[in-house]
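Trainee: Sharing a structure with you now.
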Amino acid sequence: MWVNPEEVLLANALWITERANPYFILQRRKGHAGDGGGGGGLAGLLVGTLDVVLDSSARVAPYRILYQTPDSLVYWTIACGGSRKEITEHWEWLEQNLLQTLSIFENENDITTFVRGKIQGIIAEYNKINDVKEDDDTEKFKEAIVKFHRLFGMPEEEKLVNYYSCSYWKGKVPRQGWMYLSINHLCFYSFLMGREAKLVIRWVDITQLEKNATLLLPDVIKVSTRSSEHFFSVFLNINETFKLMEQLANIAMRQLLDNEGFEQDRSLPKLKRKSPKKVSALKRDLDARAKSERYRALFRLPKDEKLDGHTDCTLWTPFNKMHILGQMFVSTNYICFTSKEENLCSLIIPLREVTIVEKADSSSVLPSPLSISTRNRMTFLFANLKDRDFLVQRISDFLQQTTSKIYSDKEFAGSYNSSDDEVYSRPSSLVSSSPQRSTSSDADGERQFNLNGNSVPTATQTLMTMYRRRSPEEFNPKLAKEFLKEQAWKIHFAEYGQGICMYRTEKTRELVLKGIPESMRGELWLLLSGAINEKATHPGYYEDLVEKSMGKYNLATEEIERDLHRSLPEHPAFQNEMGIAALRRVLTAYAFRNPNIGYCQAMNIVTSVLLLYAKEEEAFWLLVALCERMLPDYYNTRVVGALVDQGVFEELARDYVPQLYDCMQDLGVISTISLSWFLTLFLSVMPFESAVVVVDCFFYEGIKVIFQLALAVLDANVDKLLNCKDDGEAMTVLGRYLDSVTNKDSTLPPIPHLHSLLSDDVEPYPEVDIFRLIRTSYEKFGTIRADLIEQMRFKQRLKVIQTLEDTTKRNVVRTIVTETSFTIDELEELYALFKAEHLTSCYWGGSSNALDRHDPSLPYLEQYRIDFEQFKGMFALLFPWACGTHSDVLASRLFQLLDENGDSLINFREFVSGLSAACHGDLTEKLKLLYKMHVLPEPSSDQDEPDSAFEATQYFFEDITPECTHVVGLDSRSKQGADDGFVTVSLKPDKGKRANSQENRNYLRLWTPENKSKSKNAKDLPKLNQGQFIELCKTMYNMFSEDPNEQELYHATAAVTSLLLEIGEVGKLFVAQPAKEGGSGGSGPSCHQGIPGVLFPKKGPGQPYVVESVEPLPASLAPDSEEHSLGGQMEDIKLEDSSPRDNGACSSMLISDDDTKDDSSMSSYSVLSAGSHEEDKLHCEDIGEDTVLVRSGQGTAALPRSTSLDRDWAITFEQFLASLLTEPALVKYFDKPVCMMARITSAKNIRMMGKPLTSASDYEISAMSG
């Protein structure tokens, strides 16, 4: 290809000149062995090794053309090529178009300018013609992409993210090479002294990813799969490489978890011209995602918020009159600040609250200041901004985008997390400054609605205010303490600001740890969790969602109804319909908002507590924050997030409570207790008034509080737990301890806890103060950091998801092993292949939506499903009958048979049932499967199925199916037509796909699970008609085409075919013939007599068989009211018959025009003439009204040939089986055992160029070689 001219100083270093003229030189890289160039011996090996180690572009383009003027020492690269043919074309173009022109110039500088301009013009023209879009990738990276695709056979859909120089340890020997990291694969390539090594691992197969340090190797990345371990070292920047590997592995785990694929973000701003382009656009995208994810987690922002940039600055804090050093973060809808010193100060300013952004006057004390004012009259002063003008411009742009919008149905259907809405209104509460939607009928700014006529709406007040009960004897002291807490918070708001824009400091955390006052709890939960932002930007969303979900029922709503009365049953708010109805609405609305989660046990307990302290809509948004941001993946069908944190807790217990860890592991207690603790935030194991204090801390600090508290509980019971003899005793110890945790500041009457109600201990457990327990957890385990938890979560996520996948595989195998003849090992390998094919189609594209093919809520056997395109590839690799061009047709028939529910997808059970019958079934089972595949109706003509008939007639015969009529009589009009050289063709319009699919369902109903016992009886199988029989014969013929005993099998099949044809003809005698109009005039030959010769032509040595069949006609040739018009349309179709003109004859096959022109082709067919044997003549029907006569262009020399199939001809499965048993060769073929593991191994190791038919195996696509 042509390249932008670049200077080259040493033209002959490592290059061999092959052609030269005064201005241009064509060179080949030393050591390149392609195109007969020779390997170059030792020097070639050294150069090849050097190219790999130094990542030279010569590995991709070993040929190049240089430009040089006679008097200059500087060369210019103007073209490069991967083959001699490609570079020669460029060379010839230069000689023909430029060489003569250059001799005209006198000045060498003019020549150089002309050549460079010409080459750049060619490149620009090529890009314009081929619509090549400019991207941010460097030329070097584009070369790496070409290498990656070529070296590993990856399709264009596989995107390379980055590549790094490193060493791979194969045994005890390091191999220096390059690691290529793509979206779905980790690849390594090395070429040293002629020895090549390749490694390809899918991210979804990685079970462990670690960065280790040893004495010999200070920096090693260890990659583990189920079957092997791989070590990489000698990285230039191991931290950057490992972070990217973690990110790509996380994307793969997300794909396994919920089928969430990767889509590149095209909205990233382009790099400035002055910026050095060092990374690919995809790498920039992933880096931006990682930064945005950390940004959202740090400030509790909505899931779709993208970080635009950050800069160092100082913030003036009025509460202590100081300038605090920190970082400002700017995104589409927020300006945030956090101090360099942890927990000193943080700030969140939504742009919807901003009124003024202005540059203040600079001074030596306050350089480059920026003032931001909000609607609640707070002003924030930032200073020491490096690029203040640019920052102000970006904020101004985002402010313009933040326009006022009212929530619409379109947003409801499309995006649930729109974050650029703004509604201006007054704050309606002490704490929250978020806007509320106001209506003329409600002065409080809340929208009242009654969606359930039987329940009182709770949208305007919390359940706690309606069901608040105080104990008179404890009223005064506890209420006084509660009042003091409220006053402390009000003082805090006055000093640090209130609402979303408040300064968050260490003082804020101290107040939270002392307990939030009950009257402020709901609003502070909204504020601290960030749920206030989603509520403010989605006014009316919850009401609309409830209205749309009311009255709809699914599995989630059934589970919700079942658990409603189990939600805090001890609290009076949930002992009547009002509280139950509110809980129902919130849970149902969320199930419809997020169908991937729907409803999970423990959500009802958490939501009921949220409803006690927050209004109904607020409780909904708190639940959204909890499920989607603060506890990710906790509440899905497999509680993956809770299992991940359970593993993290085990690691933390090992580090912080080592003396207890081994004992607890032996008892298995940690995994048992932690799941309920984490899923319900201790609400199900602690007294209610104590557990809500834990929830207070959780909304402020996040999951680290739960880990700290769990470790504190274990630490407080070390001695007792060490003395426990079994898990039951340990559980009792912990249960009693948690039951004794009390909140002495609570103004609520004591609510009996479930555990304490069931306890029969005589000796009460000493009381434990919840505030003291929380303080202890901070003192002993407060060093646990959020980023450390995220690192541990990643490690555990790999382990948990792969363990779940292995469990799923074992369950599937255990369920299906008794239904098939496969071994457990074979089934496990087949399942791995089946799932791999599904996953490959997810990221490389498929003919159906990946989300439709994977539903984790279904039983294990039905979770993964494949469509026909995927099945076709697996059929070709695994099924013993797949052979030749007919393989796709046979795959289509089997897929149609296995797809019992008609959804165009098959699950693993269906797939294995067909494969088991074909590979390990007995003779009768195999033949029954083959018979069933052909007794189904033909697929609709609009399906993209490979044709099984004459290609020459496909153009004419597409939508109208020739219907075989048994000709028993000809009237005078018909005889005249025959004498004139016309051929009778009865045409019946195709009824279309709908009728065909209905017919398919009728056939498939015979083999539904309910009728399996019936289908086992061969007598209940439908009969095979003549057209289906022809297709069955063709299938058998193609099955044997690559068999060593091909000739013997062919003759045996021909004998069976002849026998079955005779059986079918005899069977017709027992079928009552309808009354015919007219006499039994002229007669013709038996319809079947032409079939054997057409299906099984005589074949000479080395000649291929030619098998033809009937093709349907196009809709444009459908019968018209005037017969002669259709005849005119088909005038050019030449049909030939084997019978004499003077006999109305019926034949079974149609021969294309191309074949009739080839004498040798015609002579190879064994065609029986029916006119010479009077005893073989049959009576013919009268020609019907829909009969069309077509003139033959061959005149009297051409023999008319009928395309009709006999509708009365049919055979049964018993006849087919009995006939085949007469041929030992066929019996031996179908009884032959199939080595399944060999086929599976072949399928695992195969690598397809381009879009794969089946992906590579369970684990490595290609093994290390060399």
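Indices start at 1 and increase along the chain as displayed.
Quick reminder: no glycine exception, Cβ is built from N, Cα and C everywhere.
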Trainee: Using Swiss-Prot as the reference, determine which range in 256-276, 1075-1095 is annotated region 'Disordered'.
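Mentor: Checked against Swiss-Prot: region 'Disordered' maps to 1075-1095.
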Trainee: Counting by DSSP secondary structure, give me helix, strand and coil numbers for the domain 'GRAM 2' (293-361).
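Mentor: Helix/strand/coil tally for the domain 'GRAM 2' (293-361): 10 helix, 38 strand, 21 coil.
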Trainee: Need the DSSP three-state call for Arg562 (site 'Arginine finger') to compare against my parser.
Mentor: helix
Trainee: Looking at the domain 'GRAM 2' (293-361) alone, can you tell me the average pLDDT?
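Mentor: 94, rounded to a whole number.
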Trainee: Measure from the CA atom of Gln601 (site 'Glutamine finger') to the CA atom of Arg562 (site 'Arginine finger') and give the result in Å, rounded to a whole number.
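Mentor: Distance between the two Cα atoms comes out at 10 Å.
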Trainee: Relative to the Cβ position of Arg562 (site 'Arginine finger'), how many further Cβ atoms are located within 10 Å?
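Mentor: That number is 12.
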Trainee: Give me the count of other Cβ atoms within 10 A of the Cβ belonging to Gln601 (site 'Glutamine finger').
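Mentor: Result for Gln601 (site 'Glutamine finger'): 14 neighbouring Cβ atoms inside 10 Å.
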Trainee: In the three-state scheme derived from DSSP, which category covers Gln601 (site 'Glutamine finger')?
Mentor: coil
